[in-house]
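Engineer: Sharing the features that TrEMBL gives for it:
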type: DOMAIN; residues: 5-88; note: domain 'CARD'
type: DOMAIN; residues: 105-184; note: domain 'CARD'
type: DOMAIN; residues: 272-408; note: domain 'NACHT'
Amino acid sequence: MGVGREMCTQEAFQAQRSELLGLLVSGSLEGFESVLDWLLSWGVLSWEDYEGLSLLGQPLSRSARHLLDTVWSKGAWGCERLIAAVNEAQADSQVLELPSCWNPHSSHPARDLQSHRPAVIRRLYSRVEGVLEQARQQGFISRYECDEIRLPIFTASQRARRLLDLATVKANGLAAFLLQHVQELPVLLAPPFEDAACKKFTSKLRSTLSAQSRFLSTYDGSENLCLEEIYTENVLEIRTEVGLAGSPQKSPAILGLEDLFSTRGQLNADADTVLVMGEAGSGKSTLLQRLHLLWATGRDFQEFLFVFPFSCRQLQCVAGPLSMQTLLFQHCCWPDLGQQDVFQFLLDHPDRVLLTFDGFDEFRFRFSDQERHCSPTDPTSVQNLLFNLLQGNLLKNACKVLTSRPAAVSSLLRKYVRLELQLKGFSEEGIKVYLRKCHRQPGVAERLIGLLRATSALHGLCHLPVFSWMVSKCHQELLLQGGGSPKTTTDMYLLILQHFLLHACQPDLVAHSVGPCLLKARLATLLHLGRLALWGLGHCCYVFSAGQLQAAHVDAEDIALGFLVRARRVVPGSLAPLEFLHITFQCFFAAFYLVLSTDAPPSLLRQVFSCRRPGSPLVARLLPALCVPGPGHREGSVAALLQEAEPHNLQITAAFVAGLLAQEHQGLLAECQASEKALLRRQACARWCLARSLQRHFHSIPPAVPGEAKSMHAMPGFLWLIRSLYELQEERLAREAVRGLDVGHLKLTFCGVGPVECAALAFVLRHLRRPVALQLDHNSVGDIGVEQLLPCLRVCKALYLRNNNISDRGVCKLVEHALHCEQLQKLALFNNKLTDGCTHAMARLLTCRQNFLSLRLGNNNITAAGAEVLAGGLRANASLQFLGFWGNKVGDKGAQALAEALGDHTNLKWLSLVGNNIGSVGAQALAVMLEKNAVLEELCLEENHLQDEGVCSLTDGLQRNASLKILKLSNNGITDLGAEALLQALERNNTIQEVWLRGNSFSPEEMEKLSHRDARLLL
């Protein structure tokens, strides 16, 4: 309740002192400080008064009494202002706007910040972390001062106040900096000051999430690491769609976690859901945990008052109908008071709510929008509740973050996605950072990093955080093995299995228990875990109750091995307390069971590798039906479980089966296999299935269009077939498998190809008999993946690697091998991370390879210095026909160097220098090139700064050129003067077919007039 404004005399003020004191102390410290903000902005309190009232650690009741005494001493006006301040603080949910006379360049910035302090704090509090970082980078505050403001004891609003307080006492320009930036920040609504239930619930949510998120449980659950100390940024990109042919592609935006709700790259601005996709083990759950911690500690995402985290694997354990209110309160966090008031606030302010759903791929129900449910209080099934939340039928305008593996995301779900992001795992630098955080002992991390550099296959695995964890966990075994490091995914999982088995042994038996004997001693345990894992895959179950453990004969000793850990965020009342360390471990143990159990006959492996089942959209149409048993399987049988398993989990399992059956592990498995004949049958079956499946897939490729090379776009399951072949590690089988592949172009764009897939592709494709153009655009190849591709480079006639996060190091390795690969004639590396550092290698490639045809380096970071180096290679090369250099930074100087090198070139047909900041000086050099060059057919110069002067220079060259057919000059600031010069040149040039002039400085009348004068001008 507000306080009456008519009470303004000192005597009346004193008479109501008890009521005022009760109001000031009944809320939180946040509310009291809000009252101080208003009094300070109105000049009721001096700066000295304010400092005395805002001492840290002072009881709120004492501060409130001190405030009442201070204001009473100011007279009747001060008493009246205090009452007004309390009322303003109570109405603090109203939007506070900056005054229209706000001057960001005021000569008294500190005074202006204080005069409008409540509005400034409202704008600052949700973005204080970013403003702090900017201020620190520009030297206005020190790192120590940043850390003081960021202390976890402060809320976001309190951090904003501390920053303003610092600006008041520092005379180094901080106040002016804040004055200029605060106007650009959004205004956010706060909950009503008097709504104690909302505030208390927010506080409870923060403390709950802080406790849940502060520590990162390792996959094996054996230790808890402080998330702050171990968290390492992953590569997070906005998923891009392929643009129109011929248009330069922009590099995908790489985001930080703080940009998760960015407006860039939106697919559907009316949708509420942000989709984060990543392969198993790429760090999706950890990313959400980091998000929760940043919100709970007030460091980011403060635009949300309520954050509700959910696990999809836990939600599917919910039995019976439930309402949205039940979902939020009973299955996440229960308000201690005013449940209905809190829920109503959520409904009234959905934009202040964030819901996160982790692991949608582990939700056994497929997304559907057929059943609409719009009532927040009526119960429905958990899947219908989730689907309607994602669609926005429930809690519309609340933000939702959904994580999933790509295979589980349908085109129907994408209709309701606002922003789609790809989590691509660790960069090469990220791997180093992670290992150094895990191993702070002197020398250990550096030795591991050295081992990874020397073992490219192992290095390639580590771009997924789950593998980096394995390397960290098994660092002693890896460093002792020397040259025997794991090569395949199965090798790595067997190593971690050995690590766990050794640690479960008695110390005096460890020395005698290494190898097959160690495995045989715990075979019963491993088969129990395998049966449980396979049962779970068949029932889309990833958390297991005591009854389910008992049915699989999993006992306490089996659990003690460490592969089953207590499930996180268990649904209240659920009897499913245990889960495997990671979904990939569940697939590994299922594979182990299929290979070694007597209940799984060898013939069942045909079903594993066919992955065929009714309604399967993935591999069913890709692979043949290889003696797959009919639909009448006994319920609970291995065949029935395989038939019901999700295709993406079955693919992972199939790759592990192939890896376990590899020749390298035959001795290991033979020791555990009662029948050697059964093991040999399994190996033969796996070989036959894989080779046969690939051959049939190749034979199903449609014939080539007359006059074009035969092309194949990989289907979703193709890579898993290749992965399985790689896990098997049999050269002869790989050679036989690709014998039937007769294509000129193999396309694997947007296929999630990382370093591991590159190793598998190289292992198989190097046996091709005819050269192929390999297109790997829009993947996660990186420098490590480039290194893995080198063995198949000799069979590539073209290699397309745009949008793959490749740096100079990867390109230099690529060129080093390309020098000896005469078949390779085309290279596309646009939209990567190339700088001038790679141009020496490129120049050498052009110099040494006189049959090289196409080099595309657009949208990188090459400057004039790099262009000058590359020009040296162009002078020595007479074969190049296509040179793409758009979106770099060569400027006039770089354009001059390239033009001089290409003046006498005898084969170049296409040159693109779009968006390179080229002006009139560069245009003069290009004009001279046009005078000399007799073969160039297309010159692309859009989005530069040629203006009329540059165009007039180009026309001199055009008048003497007889080869150019297309000239692109869009977006160059050209006016009617430059167009007139072009028209005069075109009168003397009959070769030119098109001149692009879109986006220049022409009026509609001028455009119409120009188009009538010469139809070759495209406006």
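Placed from the backbone N, Cα and C atoms, the Cβ positions cover glycine too.
Source: prediction; values computed, not measured.
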Engineer: When DSSP states are grouped into helix, strand and coil, how many residues of the domain 'NACHT' (272-408) land in each?
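Structural biologist: Its residues divide into 53 helix, 25 strand, 59 coil.
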Engineer: Can you tell me how the residues of the domain 'CARD' (5-88) break down into helix, strand and coil by DSSP?
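Structural biologist: Tallying H, G and I as helix, E and B as strand, the rest coil: 62 helix, 0 strand, 22 coil.
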Engineer: I'd like to know the mean pLDDT over the domain 'NACHT' (272-408).
Structural biologist: 90
Engineer: Mind tallying the domain 'CARD' (105-184) by DSSP state, helix then strand then coil?
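Structural biologist: Per DSSP, the residues of the domain 'CARD' (105-184) fall into 55 helix, 0 strand, 25 coil.
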